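Undergrad: My questions will all concern the structure given below.
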Amino acid sequence: MASSGFSWTLPDHPKLPKGKTVAVVVLDGWGEANADKYNCIHVAQTPVMDSLKNGAPERWRLVKAHGTAVGLPSDDDMGNSEVGHNALGAGRIYAQGAKLVDLALASGKIYDGEGFNYIKECFDKGTLHLIGLLSDGGVHSRLDQVQLLLKGASERGAKRIRVHILTDGRDVLDGSSVGFVETLENDLSQLREKGIDAQIASGGGRMYVTMDRYENDWDVVKRGWDAQVLGEAPYKFKNAIEAVKTLRAETKTNDQYLPPFVIVDESGKSVGPVVDGDAVVTFNFRADRMVMLAKALEYADFDKFDRVRVPKIRYAGMLQYDGELKLPSRYLVSPPEIERTSGEYLVKNGVRTFACSETVKFGHVTFFWNGNRSGYFDETKEEYVEIPSDSGITFNVKPNMKALEIAEKARDAILSGKFDQVRVNLPNGDMVGHTGDIEATVVACKAADEAVKIILDAIEQVGGIYLVTADHGNAEDMVKRNKSGQPLLDKNGAIQILTSHTLQPVPVAIGGPGLHPGVRFRSDIQAPGLANVAATVMNFHGYEAPADYETTLIEVVDN
Ligand SMILES: O=C(O)[C@@H](CO)OP(=O)(O)O
Ligand SMILES: [Mn+2]
Ligand SMILES: [Mn+2]
């Protein structure tokens, strides 16, 4: 910060000492909900997390993890990892990508910016390609934003538009892809009536095509590249509605895993490969699952897969996805400027930090935690360990994932005495919850609970402090419900499995032998959320949080 008088030095906490080892455990997708058979956390044996609950109200409480409490447009928006970890790490609530794009579209500012003017240069002679997740989930993208962008771009000169869709089924119900494609087709046909050559050109399921993250499996991105850029895919259809319906029925895959397809014309030729002189926009606002494609589209030097043909294009992201890498260099909307995160403050005050997860969540406790910034603040004081995730499987097949390995790494880091903060993300509840497999999710919750035990035992041994929390709900509710909370049935009388996150609050549990006996949760904070955690953790390290941070959850009473 340039303002005069700014200092990275944190004030000492008046009562809490420095030098304690603090474990910060984030259970991904672990919310609090009524106990019934669709609450996998309740069904699973989770003795450790259950015992922490006994600390309520002084050492266990709930905080908000969705909606405006984490910077999303409304309280109807479920939480997600990006906004959750941003809030946990930054200690403040930032208007997040979803909201910033809404504002830019509503004001029309999106069309005045550098990014739009850059791609607009291609409208005369080239094609505008839009690539992204097609749903109203609001986690990575939103269909209504795509609709507005299509309208806005066509009004501003785009004459030929191709949309490359990724079907969802993870943030929305499985099978809902058909309806989203119908809505989009309807808009495109209206554009065609106005003389604009607008079509869907390719597609595929988000988890199988394009939207990998943290470089877990480049084949996913390659499958997308082949369909979107080269116009090649194992399946060819005349239209996208038929494509999605047929592939769901015939390949027995769900929306998340649809194989890649291209739309072809009468002569069997793909209708929309990306060629020299075209413009490309990736319309997801969320970063993690667009970074890999952004690299493939933007980098001249690229060796992750054979791109075969690298068209000379003008590319812009909906947002800039990585502030440190400045990737992509052109974007339509500026991302939230998340600065002065707790990680940076603590490192600058000498707190040695260890962070660990497996690949699929590794960036959550590093990149998202640090305000969408990759890399270390100070290599001499930080160590980030990534445990390779299994790739090419759905995680209901191996619901234990790498929970044990993550916990053992954390345990070793705690016992080594080399670190003051040991931070992990345990992915199980979330990653397995997204598969919609209830039995496997129960196993996943148990595995996460066992991992927590290993970490808390290590904290016990070194006389440290723990804070266990979650980034949003998922595994605690696996069924779509009506307004009064009853499971919704489809026309065949079957329950509708909920693969998405939820609106539920998440627990925060604190304790450990190093925690001052007078520490307890305050009862005077109105509806605290994840952003209140950062100041709390700073307190455990013996510091007070900066004045503009959301307030700490704790107080220290003299006993
Ligand atoms: O898998 C993901 O990309 C999202 C859901 O869309 O989950 P999370 O926010 O937990 O990473
Ligand atoms: Mn998450
Ligand atoms: Mn998730």
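Glycine too: its Cβ is placed from the backbone N, Cα and C atoms.
Nobody curates TrEMBL annotations by hand; they come from automatic prediction.
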Undergrad: Among D28, D136, D524, which is the one TrEMBL gives for the Mn(2+) 2 site where S81, D471, H472 also bind?
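TA: Answer per TrEMBL: D28.
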Undergrad: Which one, from the binding-site residues H434, H472, H501, has the smallest tally of other C-beta atoms lying within 10 Å of its C-beta?
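TA: H434, out of the binding-site residues H434, H472, H501, has the fewest neighbouring Cβ atoms within 10 Å.
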Undergrad: With every protein chain in view, how many other Cβ atoms are within 10 Å of the Cβ of S81 (active site, phosphoserine intermediate)?
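TA: S81 (active site, phosphoserine intermediate): 26 neighbouring Cβ atoms within 10 Å.
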Undergrad: Under 8 Å between C-beta atoms and at least six apart in sequence, can you list the same-chain neighbours of A287 (substrate binding site), or say none if there are none?
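TA: The list for A287 (substrate binding site) reads E82, G97, L319, Y321, D322, P335, F367, N372, given in order along the sequence.
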Undergrad: Fewest other C-beta atoms within 10 angstroms of its own C-beta: which of the binding-site residues D28, D171, D430, D471 fits that?
TA: D171
Undergrad: Run through H140, D171, R289 for me and report the binding-site residues whose CA is within 10 Å of the CA of D430 (Mn(2+) 1 binding site), in sequence order.
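TA: Qualifying among H140, D171, R289: none.
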Undergrad: Give me the sequence-ordered set of same-chain residues, not including D28, S81, D471, H472, with a C-beta within 8 angstroms of the centroid of the Mn(2+) 2 site's C-beta atoms.
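TA: Going along the sequence, the neighbours come out as V26, G29, A65, G79, N80, G84, H85, H364, N425, D430, A470, N474, H501.
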Undergrad: Please check the recorded positions D28, S81, R289, D430, D471, H501 against ligand 2 and give me the ones with CB under 6 A, sequence order.
TA: D28, S81, D430, D471
Undergrad: For the binding-site residues H140, D171, R213, A287, R289, D471, which sit with their CB under 6 angstroms from an atom of ligand 3?
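TA: Once distances to ligand 3 are taken from each Cβ, none falls under 6 Å.
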